[in-house]
Amino acid sequence: MLSSGSFIRPSIRSHPLRHHAARSLATSVFTKTSTPTAKAEECLNNIAKYNQYTNAFVDLTQPDHIRSQAAEATRRWESGMAKSAVDGAVMGYKMNFCTSDLRTTCSSAMLENFKAPYTATAIELLEKAGVIMGGKINMDEFGMGSHNVHSHAGPARNPFEIIGRSQEETMELEARSAGGSSGGSAAAVASNMCFAALGSDTGGSVRLPASYCGVVGFKPSYGRISRWGLVAYASSLDTVGTLTKTVDDAQTIYDIMAKEDPKDSTCLTERQRKAIADTLTPIDLTKFKDQDVKTKPLLGVKVGIPQEFNVAELAPATKDLWRRGIQVLKDAGAVVIPVSLPNTKLAVGAYFTLGTAEASSNLQRYDGIRYGHQSDKNDEKDALYSHTRMEGFGKEVKRRILLGTYVLTSGSFDNFFLRAQKIRQMVRNDFDRVFSRRNAITGSCGNLVEDFENDNSSTTRVHALLTPVAVSTAPKLKDVIGDQIDPVDAFLDDIFTIPASLAGIPSMSVPFGTCTKDGFPMGLQVMSQYGDEEMVFRVARAIEEKGKGMCSKQ
């Protein structure tokens, strides 16, 4: 097992929350014997055991500070004054979240010594809820990568095989990828170095590492959580995500952070959140027997299986996992329907065109003048800017800046950037056409609400989608690192996660099993209509319940 003392939430029926509940499902992650003080000490012990191998935490909060904050949280729980269900829990934050206490390097030499003058909104909300910052976590430089190997701090390693082994034994293992770009966050949670971690998801950067490491990775709808204080890679795609051990933990943390923020113009307002809530009408269960309603949690739910996700690159073990997941949903009462998302095949090209273009624009600010790295070379006019960026950026970041700059040139803008924007809308329309609930922000079927209301195919529309997360289990690090690796191959690692990012819809990777060939974990992906996070949680719980124990290292 990963650890006997992991932060697994007890059943709400046997351990109701005594002091505070953000919503009816939230129960404390602590008990009378498992206090914030005890859990914080466990996290510190696991950091000492596993961080050298995983290279997950780059900067750590002083242990004495963590202990003192945990002791204060324990006293609040004992006196009935806990701030939230996670008051006193230790969390790690990806290196691209601004914090005023620790560096924000984005795992880049460009920001190696940068400390932000403010703290990200998402982290501020967590701190108000009593969460303790354990430290800042490794990532691909500026979020650009699928395996956490493009990092100034070195690659993050998958911890799945190391739990329970001595440090000498772990160093003899053949290292596996932790996924990226939030690989460090997934590795930290999987090895119980923290209760949960924040990541950022641009095209799968939370969900892919979650699948590789056997944890839950959640990307909410774009705009649900404020991006204020998240260093930008591709602004129209970047989303604050979470990595946790359970679906309930993901929902608890999401509920704390999903608030309006006037500092972020892309964050949903309260009026928009209410408009979304008004479209999410409950499923009618009156036609079902009471006994079935009690025993089948997905009764009345329709789940779609996109045919375009059955690609040639899909490993046989992953296909088998997908089939078993479909059967689990049927057993839980769901109706499973094949659906078509015809523009999925265009998503990867559109994503990297848009993502690199936005990265080229966002990363112009790193000029060596205002903040960050500044080159000592200044041998000719205007050389400071070029020297600074050559020294400060890694190869992958430079590659994407060059590509993004090219697609934004006057000769390429119409052929590449505008065409990619059109494909993005086509992908969004595909999702709107298969979901039974209307997109409250844009309207369904390409903003034509009447198409949705007059549609006669409502019986074939679905509430959620189920797909694989990755084509296979975590690859060996030696196969994804080095100059001989084709960058296009790395782009294809995100083929299942990119469509949801382009459409901005909620998506979650849920651990469901291990590969019979190599024993490493694999996950399934649940997606739903924009703003319908509750449906994602509902379907994911059914998968999680059947997958319990299947992703634990024996």
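The backbone N, Cα and C atoms fix where each Cβ goes, glycine too.
Just so you know, TrEMBL annotations are computer predictions that nobody has curated.
Copied over from TrEMBL, here are the features:
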- LYS94: active site, charge relay system (ACT_SITE)
- SER181: active site, charge relay system (ACT_SITE)
- SER205: active site, acyl-ester intermediate (ACT_SITE)
- 41-536: domain 'Amidase' (DOMAIN)
Between the residue listed as 'active site, acyl-ester intermediate' and SER181 (active site, charge relay system), the C-alpha gap once rounded to whole angstrom: 5
SER181 (active site, charge relay system) to LYS94 (active site, charge relay system) - Cα separation in whole Å: 9
Mean per-residue pLDDT computed across the domain 'Amidase' (41-536): 93
Same chain, 6+ residues apart, C-beta under 8 Å of the C-beta of LYS94 (active site, charge relay system), given in sequence order: LYS136, ILE137, MET139, SER182, GLY184, SER185, ALA197, LEU198, GLY199, SER200
Around the Cβ of the residue listed as 'active site, acyl-ester intermediate', the count of other Cβ atoms that are within 10 Å: 36
SER181 (active site, charge relay system) CB neighbourhood, other CB atoms within 10 A: 37
